[in-house]
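Per Swiss-Prot, the features are as follows:
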DISULFID  41-115  disulfide bond
DOMAIN    20-118  domain 'Ig-like'
REGION    20-44  region 'Framework-1'
REGION    45-52  region 'Complementarity-determining-1'
REGION    53-69  region 'Framework-2'
REGION    70-77  region 'Complementarity-determining-2'
REGION    78-115  region 'Framework-3'
SIGNAL    1-19  signal peptide
């Protein structure tokens, strides 16, 4: 069965390592338009709750686009206009984990998603 990009989303998962800092993203699957998806990012090698965290993405053939930011304590969140009202960023400092809940997915959300520390 073949799927076109206009019908499904494929969010590829990459593992990023820089020095001792490790950020491992997971949760990418094929999702129907209008569907939902939750991405996770497990952090290690630094004091997670000392840093604000970001999600960024890269659509095929495009540059990096900032998606969302959450403060160190989760008290403040910020979103790109393109995802506002559809995406929710959260974190669990006890688990050194960052999350991105993505609802009402659109074709233009098709991208590689990365977590990043401030």
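Using N, Cα and C of the backbone, Cβ positions are placed for all residues, glycine too.
Per-residue confidence over the domain 'Ig-like' (20-118) averages 94 (mean pLDDT, predicted model). When other Cβ atoms within 10 Å of the Cβ of residue 115 (disulfide bond) are tallied across all protein chains shown, the result is 24. Residue 41 (disulfide bond) counts 24 other C-beta atoms within 10 Å of its own C-beta, drawing on all protein chains shown. Annotation note: residue 41 (disulfide bond) sits in a strand segment as assigned by DSSP.
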